[in-house]
Amino acid sequence: MEAIYLIGFMGSGKTTVSQELAKKLEVAVYDTDQEIVKLAGKTINEIFSIDGEEKFRELESKVLYSLPLKDAVVSTGGGIIGSEKNRAFLSGKMNVVFLNAEFSIIMERLKDDDTRPLLSTNNIEAAETLYNSRIPFYREAAFIEIDTSCKSVSIIVNEIIQRMKK
Ligand SMILES: Nc1ncnc2c1ncn2[C@@H]1O[C@H](COP(=O)(O)OP(=O)(O)O)[C@@H](O)[C@H]1O
Ligand SMILES: O=C(O)C1=C[C@@H](OP(=O)(O)O)[C@@H](O)[C@H](O)C1
């Protein structure tokens, strides 16, 4: 099976859905953020604050291209579509799924989360601008788009499986 890539904004459910989807498909699951942490030996927050976002993006692309192309579900960081090279890598693939959730629902899901340096919940306007600026890029790279706003993880997993069969 070609690897399945989950893309979408922070809090759209990529990590959560990837784990259940991989279990159902009986394949491996990878999370680019977790692979970056392993590679760098630092947390995402530490990479951003010590090395800067540019270094983070270099590590992100390196990890993306290093992961298996088959029999895997890959949960990607929300900014992975920011680089043209990453978009080109993903756009050529059939199994790229854009998990889209309404901005207000994302902010509710992440209201107590401090692991995302780019999402300062005390600057909602900046976060929404970033969200809106990225939607076209997610759509450019994705083969399937699924709204995760008001659905359970299992419903989303089943919808991905059904949509990929078509
Ligand atoms: N379908 C869903 N419905 C409700 N909450 C969800 C759903 N998917 C994810 N969440 C919750 O939203 C938060 C962010 O989910 P996560 O999988 O980390 O998103 P991402 O990897 O896209 O940043 C977590 O607290 C998670 O439990
Ligand atoms: O949107 C982004 O630029 C980022 C999203 C994060 O991943 P999640 O989408 O899993 O939160 C993580 O890669 C980093 O904080 C940058």
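Quick reminder: no glycine exception, Cβ is built from N, Cα and C everywhere.
Where the annotation comes from TrEMBL, it is an automatic prediction and has not been curated.
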Of the candidates Arg116, Arg139, Arg163, the one that TrEMBL places in the ATP site of Gly11, Ser12, Gly13, Lys14, Thr15, Thr16:
Arg116
Select, from Gly13, Thr15, Thr16, Arg134, each of the binding-site residues with a Cβ positioned under 6 A from at least one atom of ligand 1; if none does, say none.
Gly13, Thr15, Thr16
Return the count of C-beta atoms lying within 10 angstroms of the C-beta of Asp33 (substrate binding site), excluding that atom itself.
24
List, in sequence order, the residues of the same chain other than Gly11, Ser12, Gly13, Lys14, Thr15, Thr16, Arg116 whose Cβ lies within 8 Å of the centroid of the Cβ atoms of the recorded ATP site.
Gly8, Met10, Val17, Ser75, Gly78, Leu99, Arg109
